[in-house]
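In what follows, a structure is listed as structure tokens, so that the remarks can point back to it.
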């Protein structure tokens, strides 16, 4: 299973990057907005059905009672991570709806730090001094990204929809999501590696609780609206792609945790920053924001990319250029002339 470990990690990189960009895309499209709570429920249902089909094919089980006994055994153990994963999925929609895609990806890497801390506390794993220093550098890098993003005047000027209030909502959502991701991931790893049950059985158990909790969240948040407009209100082909992608991601994470560990999973999703950043630039240029003003914004003020990929002197020098009033005035006037 050595090859499965690295193949699953590579696929996770692609899946994670595509999920973030696709969610961001569908939430910015004009028209009726779908209910995010219903999307979470649909993803859980698809995950459960897929895993049940795999179990049936693997065991060639013709008796539904045998399958039911297999799934229900030790099911209560999975209620804790299922509750947390459901909360995390909903928070992910909130965060991405209020943060730029690349900024979300960078901040979301705090889950590596929380995962490492919970691994030490719950699994008694030991980390080397170099690993602890790397985690501290990760935390410092995320903090720099948020300072640059929040204080950059060009971002506020060229992206008025990213108000300070919305930005803080997204930031709080992603921090809570990181904490929940770290705990739930380590808890799931402990259960998965400490029992003989297959990955697919554990996914069905997770999905049962996830579907029930998702339905509860849907009723609590959007019950009246769903009753009026319908469960599938606002669903388009792109929304269905997002739901299938999210369901596939849930299955993929379980495989990665089984054959690797949560820390490797975290580094794989970190690598997806590069993928999502490059794709974000390309898609925003040719699909999302085709105007000249948006082109200048993406070329001259991508704080998450600057803080992540540049050395500290470059960050300081670039920030001075962006905060210079004369440079800002010249930039805006040039954009207006080009638009005319």
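Every residue, even glycine, has its Cβ placed from backbone N, Cα and C.
What TrEMBL says about a protein is an automatic prediction, not a curated fact.
It is 232-255, from the ranges 88-111, 232-255, that TrEMBL records as transmembrane segment. Among the stretches 6-26, 38-57, 167-188, 232-255, the one making the largest number of Cβ pairs under 8 Å with the transmembrane segment (200-220) is 38-57. The recorded stretches the transmembrane segment (6-26) and the transmembrane segment (232-255) share 3+ CB pairs below 8 A when only pairs 6 or more apart in sequence are counted, and are therefore in contact. Residues 67, 70-71, 86, 89-90, 93, 198, 200-201, 203-204, 206-208, 210-211, 214-215, 217-218, 222, 226, 231-233, 239, 242-244, 246-247, 250-251 of the same chain sit 6 or more residues outside the transmembrane segment (38-57) yet have a Cβ under 8 Å from a Cβ within it. Outside the transmembrane segment (232-255) by six or more residues, the chain places 4, 8, 11-12, 15-16, 18-19, 22-23, 25-26, 29, 31-35, 38-40, 42-44, 46-47, 50-51, 85, 89, 188, 192, 199, 202-203, 206-207, 225-226, 265 with a CB less than 8 A from a CB of the stretch.
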